[in-house]
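Novice: This is the structure, below, for whatever I ask next.
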């Protein structure tokens, strides 16, 4: 029988008793209690339900029943209630939930009290109820919400209890932001699971605390010898006292800190012991510690580092070591590098979790463990001792000798006189006998022919142990100076000092080959006490000056600058050549061909202004010439100038004309057209210079070039503009290079002899340029366009009587339709409706306008073409499909036009299609770049897509918006080139006049500015911000500051004085469009990937993939690339392109192009670019002048080593790095046991550097340095931002893309693939990306998997997290990326990177091929080989 509980006794719920009859036993109950009649019982139940629900009509379940069923489903125990009577107020109950663990049989309980109850006020949501049953049901509702607030159970509750549920929901949401931890504890969907996890966490903490206490006890046991006079102290106690004393001085918190959970989930990396020793040995030889000291100029810096000193003492470094470290720029790195592992404070000790070594010392055989323990007495770690033992075939003697030699690698043994084993043993034993006789009783533990020990200081238990090595005495013996007593300890840093000075003594005395042990013992007896009393600095002055004489920077720089300037020195033409040119010109102007071309030129409107233009240019230094489209200004103005120079001045060589164009196609086209008009071959009198092609010669008078080329030329030789008329065309486009050229020209105007500036544009803000150039002279050329009739949206809607279905009117606002004359099914939208003013496109209306214009032209017997302007490729494809479906194919030839099409497809728009109306559906490419001669009508949606840069998160976003009035005018002008035209605008006249901006936003205000900053800096301009503030439109200051910070992060700008670093100077020498590409070229040469890096940069330089465009090919292209999926997007494209260039046969090449969907034009552009890059690299001296592809094997030694290629790509594109976060491991049960499951692609997360966090961090650092105000670290945003792989990537592998994301992406990029496969990125901790794209999410494109060591060696700055309390968790890259590793690994990699920078400088300033080089590059080569070995070791 169930035990009665308190609430059962107080419950007023009736019991269904069975009525009794005479002669039968009465039913159980209280004495004398009569059974209730059935009707009374039912009435009482109804009364109770009414009380609980506050209504007599409720027929659903009651809260207690719902709670009971919920607990039953979760396999919890029966719910119990703790009932309390609150005086006369009534009853309050608390539901008590419980769960019994089926394994341990332990029962866990959870009391579900009122979470809103406030002890101070004694008030809460639950008030005392009249009866116990009401109180019990109220407690059930409270418990239900607390364990199931995320469900819809409230829909099953009575109305009054539903109100309680809602009140609890409001309470939880209101307090969630302010006290998330407490709220999550109160409202827990599975409180018993949380209890178990809390127990485990508590147990783990207790275990760590016990381990910490045990470690502290161990440290206090060994007494450290600090003086030869018997000064012995407990190292643990000594450190602890210093910690307490120093803690008071440390009050500045570290800005960069991460919680324990973040460190637990961070990437782990370790160096194997051989790599660690390789790096350390190399660094000991090369580090110039003198250069790392704080100079006298920086005394103020030294004075402001008291907080840092206090922090180092708090970390328990010895005071004398801290004093020495404070002399250096990076004291912590100095200490971590120079202190032996054993003497590092406990905070930096190596834990078991800090290593990936497969061989654990504790798992070794006992004999091996004992050898390792003996070898550590030299002053090395167990790992170092084990590695030495393994490298010497487990021979203890040879391992001891090896470790001794490593202390002073420069000490050379006399290997020219090898000693036989017999001679070595004989010499060893003779010396032992002599020592025994001289120092009686001092020799002990002698093992025949192997080793022995000598007593040095009896009082301190210090002894000398020597090991015989083969070839002794011609080689060093193994030398150990130690206590050999676990109760006494000689600090390792003192051991290191003793042995270092001892070996220097042997080296200086040239004693190797003599009786070494005798000399060693004698020297130690005399000097060891002095060294123990005064060990001296960790770095003696003699060692700190080791690398000073190796530097010779100025000569190298001078030679590079000289070589780079040779190309751009201005050549003079001889008198003989001038005579030939004069004679050739005289003949040419008399030819019939020239005269016929003259007649063609005279038909252009510009011809009438020839004299005015020449006169205004002669009289003014700066001229602005505006002209309508088709006026001939681009082809004629430069010819007017040249004709005047040749005819009037007889100038055939002195004055040059440079004409810049914003696009390559324009520069080439104009050069060829002007050459034809002047009846010369392109490249002679008239030529062009674009990236990759220089089609000019010394006698060329008119040079067309892209604005970017002129910017790069001006970086190296401004004198090239002497006696030059610079014509800057299309200034209205306001590209970043055009704005920079205009600003530079203004600065150079009075500094360069004989230079004039001519600005040209179709539509431009004349007042802006007059303000920028005081005294600017202007001239306007009228065009020859025909009258154009304009129709705005209100006219179109009226003429077409356009209607929409009533159900579609929801897309428009309430007042946007004209209700007059509307029938029940259709409505008439107005031009000022929200739909149209927001820029949305009604494709039904667009198609009807095309049909309407076609019929109107047909009625006028006009066979001209129609251009439809749309914002993007997705919109063009949609419109083309609709037009093809709705129209009669016999009437229309619908042609798309955008930059992604092949040149062949683009050329289709120029053809005539007899009997059909040509309808060109285009982006703004048809606005200026391409002219369709037979166009008579334009239909303009008034929309365009432009890239906008957001410096806050360092991303660019493709934004669709209304175009400017100037662009509307340009589009309109396309309709009046051949006859009277029509211009239909799908926007209202009011929107055009009042909402559209006058001119387009300059590019300098909407793109990243790193390349601009570097270009300006390379010209010798110190204050870039001040210089650019004088531009036509100053760039946004936040974008400029972001550019400066990014260039500092990637190592091109020095953080202290904002000057170009060595690497920055090298990259600025190369006229490369992007600093990332410049870094890739330099790294490629140094690491033996020259040809492949040049090809990669050429592919990246074209800006798009080298495939035939179009959405119909997207999946085919991805399928081709997926053959190389494991290497990522860039290498997949590289392999396909490289295979093409390997083919020699032309027919096979053509087939390869077709099979792999490669664009012939883009491949040719890549080929042209590679030639240009080789020319640049030769010119600046990075490659020999006679270099041919693949001709020097060392420059291509790693061309098939994708590990090295990945690493240099990482260095080139940092900080474009994303961390790959895998989900928690899941296991699958099989017959052979549990097997780890591959993670689902949709569960993998990608994190990139948060630019908002970096900006805020800089702001806080400034505030702290200025001590202006306190900073709240809680306000710092998260260091990382989540990103997603773009579906076009070969690494994208999921079928879980939600429909909304897929729709948004398809609007920009077309349909996406939804195939699923095991993701490659699982194998790599990071991926690098070249570009990113923001739609509804941040997507990463062109991905390449990469490794942790690649990131550490080539990525951002490395710092140490010293904010922990027990142990250093690891290092932090660039303030945002925590990496778990032993601190010593961090400092070794950090110093190796410094040596790598030095190696880059040496190799580039004095290349190996330079025969006259006097600089020894062997050290640089060794550094590069070490880096290559480290990268290979991670695989």
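Quick reminder: no glycine exception, Cβ is built from N, Cα and C everywhere.
Marked as ATP binding site by Swiss-Prot on the basis of sequence analysis: 627, 628, 629, 630, 631, 632, 633, 634. Annotation source Swiss-Prot lists domain 'RWD' at 430-531, citing sequence analysis. Residues annotated as domain 'Helicase ATP-binding' in Swiss-Prot, with sequence analysis given as evidence: 614-782. Per Swiss-Prot, the feature phosphoserine maps to 9, 816.
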Novice: Through the lens of DSSP with three states only, how would you label residue 630 (ATP binding site)?
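Specialist: Its secondary structure by DSSP: coil.
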Novice: Apart from 627, 628, 629, 630, 631, 632, 633, 634, which residues in this chain have a Cβ no more than 8 Å from the mean position of the Cβ atoms of those residues at the ATP site?
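Specialist: Residues close to the ATP site, other than 627, 628, 629, 630, 631, 632, 633, 634: 604, 605, 606, 762, 781, 783.
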Novice: Of all the binding-site residues here, 627, 630, 632, which one's CB has the most other CB atoms within 10 A?
Specialist: 627
Novice: Using a 10 Å cut-off, grab the number of neighbouring Cβ atoms around the Cβ of residue 628 (ATP binding site), all chains included.
Specialist: 18
Novice: Starting from each candidate's C-beta and looking 10 angstroms out, tell me which of the binding-site residues 629, 631 has the most other C-beta atoms.
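Specialist: Counting Cβ neighbours within 10 Å, the top one is 631.
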Novice: How do the residues of the domain 'RWD' (430-531) split into helix, strand and coil according to DSSP?
Specialist: 42 helix, 27 strand, 33 coil
Novice: Considering every residue in the domain 'RWD' (430-531), what is the mean pLDDT value?
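Specialist: On average, pLDDT over the domain 'RWD' (430-531) sits at 87.
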Novice: Which residue, of the binding-site residues 633, 634, has its CB surrounded by the fewest other CB atoms within 10 A?
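Specialist: Least crowded of the binding-site residues 633, 634, by Cβ count within 10 Å, is 634.
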